[in-house]
Amino acid sequence: MTPFVQARGIGKSFGGLKALDGVDLDIHQGEVLALLGDNGAGKSTFVKILAGAQPQSRGEIRIEGRPVAFASPHDAARAGIATIYQELALSENLNVVENVFLGREVVRRVLGFPWLRRRAMRQRVDTLLRELDAHIPDPLARVGGMSGGQRQAVAIARALDQGGRLVIMDEPTAALAVAETRKVLKLVRQLAARNCAVILISHNIGDVFEVADRMAVFRRGRKIAERQRAATTPDEIVALITGAHPDARTADLAA
Amino acid sequence: MKLTSLPKARILVLFVLWLALLGLLAMFAPAFFQPAVLRSILQFSTVLALVSLGQALVVLGGGAGIDLAVGAMVSLVAILSMLAVRAGLPGFLLPPAAILLGGLLGLGNGLLVTRLGLLPLIATLGTLFLYGGLALALTGGGPVPGVPAWLFPFGRGTLGLVPWHFLAFVLPVFVLVALILSQTAWGRWVRAMGFRENAARLAGIPVSRVRLLLYVTSGLLAGMAALVTLAWFGSARPNIGQNLELESLAAVLVGGVSILGGAGGVFGVLAAVLFIVSLKTAMQFSNIATTWQVGAIGLLLILVLLIDRRTVRWNA
């Protein structure tokens, strides 16, 4: 089966600085792929290129086998890549339904005005939240009063409704309490179970080992290792990230 | 405190203040309660209501939105459209011309804010002087007479106690804008961008275009207000819009729109306009000098915002 995304030889330079160099990576549907690495290792740059926020300097991205060039996040979204931003692009003064459909409301045009079809949107959100098994008692409650985990659920529902087939999550559990973190990790598995591809950036090795099927470690702009979860240990991954692992040293010397 | 409860709470506060005002009047100036006074309040409310609605939309849209040029637009539209009539514009084209001119002046404000990225306070302070100065310069400070007589009934006539312009302009535009804000995608966009512009942009809302249209709408409403003054006074006065910028801003804030954008409703603004005009009329009626009336609006503004702070603290 063709991977949903194939990245080949992706490089990104900022002036003389190589932020990303020769990264090859496949992303499969129904799989949670974790990107790990120190700050500045290149994982965020890689994700920004995938999300259409920055163009790559070198290399090619193929979606379902076809080469693509994203000029904007909008292009990426149309290709089925949805990004959940760290600062969650939600408006706290709007409720759950309003946020899920913000900017893409379901409307009926009468006399040129885009009248909201509230019931249609409400039903769609109810279905999404049920499928995600998200615990949001009242979809008409304002997002401003919700917990971090509930907000993640809203953002995920939004990504799904946009037809996201690859959902990119940047540190989704960074600011969450323990119980909330568990809920978000469960949501991540739900996404994979729906045959979505998920890219997860996280610094929390425990979280990563709980949800990821596969891990890719970035170091100094290169992808230095790729491991199936069953075939590795937290110690090995930490050693790869910090540079203590022999593979990491080899990569450092080659660079 | 829940964000939507703000406008509702404010309408309640205004209602209580209104009852208090009526109580005072009943005690000290019972002659106030006659139909003619009600008619006069509505007559004076139209212009302020129209420009306050535009002001409210601009403030709601956030981005430090404010339209200090509303009064200057009313003055300049009145002058320009009457100069056009004197230069040969057919009289029947005066109403659409005035509204269109207002839209163009509003477009000027909107372009300064959205294209040149000027802070709205600075951009519209500039056009306040520019438009207002132009209105004075074009006329040397005197009025421009010659409004077609067929317009007078629109400016002076009533249906029962309600002036025609209140029925024909104020009620429809407030209902229309309220519907747009609560029932259409555009209204949602305005509330979203007013509250959190970044989130709105990431969601793909064309923030700059919506904001430009809000300033244009404020201009269109100022054009309608200018038309009302022409039909009412029979001539264009270059200073007719004086003080409207601050009175409209007071009405918007007293009416429960958050100065930070994103929260508030238009009926609160209409209630505030009616209250402000009632207060001014009552003071007029009690022989309190006009100079004091301006101060009273300031006091009202501070009072209402203080009540708000108290309520927020109670609910927090």
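Here the Cβ of each residue, glycine as well, is placed from N, Cα and C on the backbone.
Long-range Cβ contacts of the transmembrane segment (B:41-61) within its own chain (Cβ-Cβ under 8 Å, at least 6 residues beyond either end) map to 67, 70-71, 74, 106, 120, 161-163, 165-166, 169-170, 173-174, 177, 181, 190-191, 193-194, 210-211, 214-215, 217-222, 224-225, 228-229, 232, 241, 244-245, 247-249, 251-252, 255, 257-259, 261-264, 266, 269-270, 272-274, 276-278, 280-281. Taken from TrEMBL, the feature transmembrane segment covers B:41-61 (among others).
Sequence-distant contacts of the transmembrane segment (B:68-87) (same chain, six or more residues past either end, CB-CB distance under 8 Å): 47, 51, 54-55, 94, 97-98, 101-102, 105-106, 109, 121, 124-125, 127-132, 134-135, 138-139, 144-148, 218-219, 222-223, 225-227, 229-230, 235-245, 248. Annotation comment: TrEMBL describes B:68-87 (among others) as transmembrane segment.
The transmembrane segment feature in TrEMBL is assigned to B:93-112 (among others).
Residues annotated as transmembrane segment in TrEMBL: B:119-141 (among others). With a threshold of 8 Å between CB atoms, the same-chain residues lying at least 6 positions outside the transmembrane segment (B:119-141) that come near it are 58, 63-69, 71-73, 75-76, 78-80, 83, 105, 108-109, 112-113, 236, 238-239, 241-242, 245.
Packing against the transmembrane segment (B:161-181) from elsewhere in the chain are residues 35, 38-39, 42-43, 45-46, 49-50, 53, 57, 60, 153-155, 187, 190-191, 221, 224, 228, 231-232, 265-267, 270: each is 6 or more residues past its ends and has a CB under 8 Å from a CB in it. The transmembrane segment annotation in TrEMBL covers B:161-181 (among others).
Per TrEMBL, the feature transmembrane segment maps to B:212-233 (among others).
As annotated by TrEMBL, transmembrane segment applies to B:253-277 (among others).
Per TrEMBL, transmembrane segment is recorded for B:289-307 (among others).
Counted over residue pairs 6 or more apart, the CB atoms of the transmembrane segment (B:253-277) and the transmembrane segment (B:212-233) come under 8 Å in fewer than three pairs, which marks the two as apart. Among residues of the same chain six or more beyond the transmembrane segment (B:212-233), those with a C-beta under 8 A of the stretch's C-beta atoms are 43, 46-47, 50-51, 53-55, 57-58, 60-61, 65, 67, 70, 73-75, 77-78, 81-82, 94-95, 98-111, 113-114, 143, 147, 151-152, 154-156, 165, 169, 173, 190, 240-241, 244.
Remote same-chain residues near the transmembrane segment (B:93-112) are listed as 54, 67, 69, 73-74, 76-78, 80-81, 84-85, 118, 120, 123-124, 126-127, 131, 147-148, 151, 211-227, 230 (criterion: CB distance under 8 Å, separation of at least six residues from the stretch ends).
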